[in-house]
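To start, the structure under review is shown below, and the notes come after it.
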Amino acid sequence: MRMQEEICCKIDEERTENEIVSFHQSQKKLVVVGYALTSKKTKSFLQPKLEGLARNKGILFVAIDPHRPLSDQGPFDIVLQKLTGKEWRQILEDYRGTHPEVTVLDPPDAIQHLHNRQSMLQCVADMNLSNAYGKVGVPRQLVIEKDASSIPEVVNNAGLTLPLVAKPLVNDGSAKSHELSLAYDQYSLKKLEPPLVLQEFVNHGGVLFKVYIVGEAIKVVRRFSLPDVTKQELSKSAGVFRFPRVSCAAASADDADLDPSVGELPPRPLLERLAKELRRRLGLRLFNLDIIREHGTRDHFYVIDINYFPGLGKMPEYEHIFTDFLLSLVQSQCKKKPC
């Protein structure tokens, strides 16, 4: 009887040891993602479905306290962040220097490049992308730093055509930075509030395409946008019309019965080429593009905005896409060093 008990105890001990070994092995594989996000961003992004799927894939999200040294927290495999300010950028840069083994999404200086609408679209313009699948450009635009009274003259000298879309020069992710104004006449231009960017309005059938880029993955959704402006409407209209953020989730056009000439998604090969080139030029892996198709054409597209780490919660299947992306980053790390 005693021998049977000893055998049972030995089996239980071995089972416990095996469970501990198994636990440590699973812990080794655990991917720790530290996140430094605003409370609003955390709420919209870290939804229960995402966290549940992440846990099943061995990914753990851990909140970062931006007021404590990063090196005292973690250890992290990946740092996911979208905070602003010079102090935070310096903290991240110092951390990247002392922890090169950690993937920081994304480099602060690269993100900062998208905060200014003057420089935001320059890389798209420089690409001058044109191939068998279509052409991608940017609307003609003008930066106004100050002095609203001079805008009509500056616009006239630049040869820009009305109506003009006015956007705040700084794109810091706030609701105000996404507000648009549409100016129909020269006199109304004086009512605008610099600093801002003026873009020629391109008729696009009232639909824009939000192109989400998450590492190598590309996901496209349709959103309703500003309606076209006819020459007749332009001749009869005056003033400045202000709009809140246009491409919101409530304005989804994915299930709408759209004319194919308006609703057809941009060709996949064209988007893949554009995304690949922008990842390289911007040094970013997590961003989205607002793209429109010039009305009356099938293959002439314009990028009108680029945003870092956009509202992925509005992207279908974002949980699977994002967790796969995080795992791919870890696999990439393992290729560079033994895991």
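Cβ coordinates are placed from backbone N, Cα and C, and glycine is handled just like the others.
No curator has checked TrEMBL annotations; they are predicted automatically.
Pulled from TrEMBL:
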BINDING   K41, K82, H178, K210, N307, G311  1D-myo-inositol 1,3,4-trisphosphate binding site
BINDING   R117, K167, 199-210, S225  ATP binding site
BINDING   D290, D305  Mg(2+) 1 binding site
BINDING   D305, N307  Mg(2+) 2 binding site
DOMAIN    128-334  domain 'ATP-grasp'
Looking at the binding-site residues listed here (N203, V207, S225, D305), whose Cα lies nearest to that of K82 (1D-myo-inositol 1,3,4-trisphosphate binding site)?
D305
Give, as a single whole number between 0 and 100, the mean pLDDT over the domain 'ATP-grasp' (128-334).
91
Which of these binding-site residues is closest to K41 (1D-myo-inositol 1,3,4-trisphosphate binding site) if you go by CA atoms: R117, G205, D305?
D305
Which value in Å gives the longest Cα to Cα span across the 1D-myo-inositol 1,3,4-trisphosphate site residues K41, K82, H178, K210, N307, G311 as recorded?
20
Listed binding-site residues Q199, F201, N203, F209, filtered to Cα within 10 Å of N307 (1D-myo-inositol 1,3,4-trisphosphate binding site):
none
Do me a favour and check the Cα-Cα span between H178 (1D-myo-inositol 1,3,4-trisphosphate binding site) and N203 (ATP binding site); whole Å is fine.
20
C-beta crowding around S225 (ATP binding site), within 10 angstroms:
21
List the Cα distance (Å, whole number) between D305 (Mg(2+) 1 binding site) and S225 (ATP binding site).
13
Find, for the listed binding-site residues Q199, N203, N307, the residue with the lowest Cβ contact count at a 10 Å cut-off, counting only other Cβ atoms.
N203
How big is the Cα-to-Cα gap, in Å, between F209 (ATP binding site) and D290 (Mg(2+) 1 binding site)?
6
Compare the Cα of F201 (ATP binding site) against each of the binding-site residues K210, D290, G311 and report the nearest.
D290
